[in-house]
Amino acid sequence: MREILHIQGGQCGNQIGSKFWEVVNLEHGIDQTGRYVGDSELQLERVNVYYNEASCGRYVPRAVLMDLEPGTMDSVRSGPYGQIFRPDNFVFGQSGAGNNWAKGHYTEGAELIDSVLDVVRKEAENCDCLQGFQVCHSLGGGTGSGMGTLLISKIREEYPDRMMMTFSVFPSPKVSDTVVEPYNATLSVHQLVENADECMVLDNEALYDICFRTLKLSTPSFGDLNHLISATMSGVTCCLRFPGQLNSDLRKLAVNLIPFPRLHFFMVGFAPLTSRGSQQYRNLTVPELTQQMWDAKNMMCAADPRHGRYLTASAMFRGKMSTKEVDEQMLNVQNKNSSYFVEWIPNNVKSTVCDIPPTGLKMASTFIGNSTSIQEMFRRVSEQFTAMFRRKAFLHWYTGEGMDEMEFTEAESNMNDLVSEYQQYQDATADEEGEYEEEEAEYEQEETY
C-alpha cells in the first residue's frame with residue numbers, strides 16, 4: 001500500500017491538520033474513537049494510505065503533531081476527533097517560538113526536532129511502502145515556518161527518494177498578524193525551494209474572499225477557511241484512497257506539474273463552491289465544475305492566473321461522470337484560453353477521475369495549477385522583506401538566536417531568482433528553442449551534482 005505520512009506543525013498547521021482529519025474520517029466512515037462505521041467496502045479498501053490499523057479494528061491516523069507550545073495541541077486533543085490520534089505522536093515544547101523563525105529553526109526547534117524525528121521514523125518503519133510526506137504549516141509564524149522547514153530538511157536527508165508535499169499558508173497581503181512575517185516567509189521559501197517536491201500555496205486573504213464572495217458568509221471564521229483547505233487536501237489525495245479510472249499519486253502529480261525543479265509552487269482551487277442557500281437551485285455538471293474550477297476567484301492564494309500563464313495544470317474530478325466529457329471540457333478550456341497556457345509544453349493539462357465523491361456532494365473537482373503568476377506572491381513578500389531589511393529592522397531578534405545577516409541576504413536573492421525564473425518562462429515562446437536547451441542542460445547538470 002502506498003502510505004502517506006502526515007505532519008502538522010505550529011498553530012496554523014495543527015488547526016488545518018485537525019480539520020483535514022475530520023474530512024478524511026468522514027470520507028472513510030471512521031468515527032471519533034477510530035472505529036469503522038461506514039457502509040461501503042470502498043472506504044476500507046485503501047484506508048491504509050492515511051491510517052494505521054491498531055488492535056481490535058481501530059484505525060489510527062498516521063499523523064505526527066508538533067508545536068513549540070502546548071496550547072493548540074491541547075485544543076486538538078480536546079476537540080471532536082482528539083482521541084483518535086496516537087498519544088505518543090503529540091510532540092511539543094513549552095517555550096514557544098514567538099513568531100521568530102530563528103527560534104523555530106535554530107534554537108528552540110532544534111532542541112525538539114530529534115524527538116519529532118523519532119516519531120516520524122517509527123511511523124515510517126511501520127509503513128509497507130511509504131510514498132511520501134505531507135506537511136501542513138504556515139510561513140508567517142515561528143514554529144510552522146522555522147521548525148517546519150527544519151523538519152523538512154532533516155526528512156530530506158533521511159528519506160531522499162520519498163515525495164515531500166507541503167500545504168503552506170503564505171502571509172496575506174492585507175491581513176497580517178505579525179510584523180516580521182516577510183522575514184519568516186522569505187527564510188522559509190529559501191528552504192522550500194531546495195527541499196520540498198511540491199508546495200500547495202494557500203493564503204488567508206484569498207480564502208476570506210472565497211468565503212465572503214462565493215460562500216456568502218458575512219463573518220468567516222478560521223474554521224471556515226480551514227474547511228476550504230481541507231476540502232482541497234482531501235481532493236489532492238482522493239485518487240490514492242479510492243479506486244478511479246485515471247489514478248494518480250504524489251509522484252505522478254509532480255512529474256506532470258513540474259517542468260523545472262525549482263518551479264514547484266502550485267495554486268489550488270476547489271469546485272463546487274456554492275453558498276448554502278443556493279445549493280438546491282443548482283445542478284452539478286462537468287461543464288459547470290470545470291468553469292468554476294478554472295475561475296480566478298476560486299484560487300486559494302492571492303495571485304491572479306490571468307496575470308501570467310500556466311506552465312502545467314492538473315484537475316482531479318470526483319464522482320460518477322464520463323471521462324470523455326471531462327477530457328472534452330478540459331480541452332475546451334485550453335482552446336478558448338490558449339493565450340494563458342505556454343505553447344512550448346503541448347498537452348500541459350492532465351485530468352484524473354476518481355469514482356467516489358466527497359461527503360455530501362454528487363461530484364467535485366480539485367484544481368492544481370503551476371502558473372507563472374504565482375510570482376506575484378513572492379514579489380509582494382520580497383518587497384516587504386526588502387523594506388524592513390534595508391533598515392535592519394527587527395533583525396536583532398534573529399541575530400540574537402545566532403543567525404547571520406548573510407543568511408537573510410541569501411534568502412532574499414534566492415526568492416528574487418525564483419521570481420525572475422517564473423518571469424522568464426512566462427515570456428518564453430516556442431521558437432526560442434536553442435536557448436532553452438542549453439539552460440535545461442545546465443539544470444540537469446545542477447541536478448546531478
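A Cβ is built for glycine as well, from the same backbone N, Cα and C atoms used for every other residue.
Annotation source Swiss-Prot lists GTP binding site at Q11, E69, S138, G142, T143, G144, N204, N226. Swiss-Prot lists E69 with the feature Mg(2+) binding site, giving similarity to another entry as the kind of evidence. The compositional bias 'Acidic residues' annotation in Swiss-Prot covers 429-449. Feature annotation from Swiss-Prot assigns region 'Disordered' to 422-449.
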Set of same-chain residues at least 6 away whose C-beta sits under 8 angstroms from T143 (GTP binding site): G9, G10, Q11, G13, M66, D67, L68, E69, G96, A97, G104, G109, H137
Binding-site residues compared (Q11, S138, N204, N226) - highest count of Cβ atoms within 10 Å: S138
Count of other CB atoms lying within 10 Å of the CB belonging to G144 (GTP binding site): 32
DSSP three-state assignment for T143 (GTP binding site): helix
Site with most surrounding Cβ atoms, counting all protein chains shown within 10 Å, from the binding-site residues E69, G142: G142
Annotated GTP contacts Q11, E69, S138, G142, T143, G144, N204, N226, maximal Cα-Cα distance (Å, integer): 23
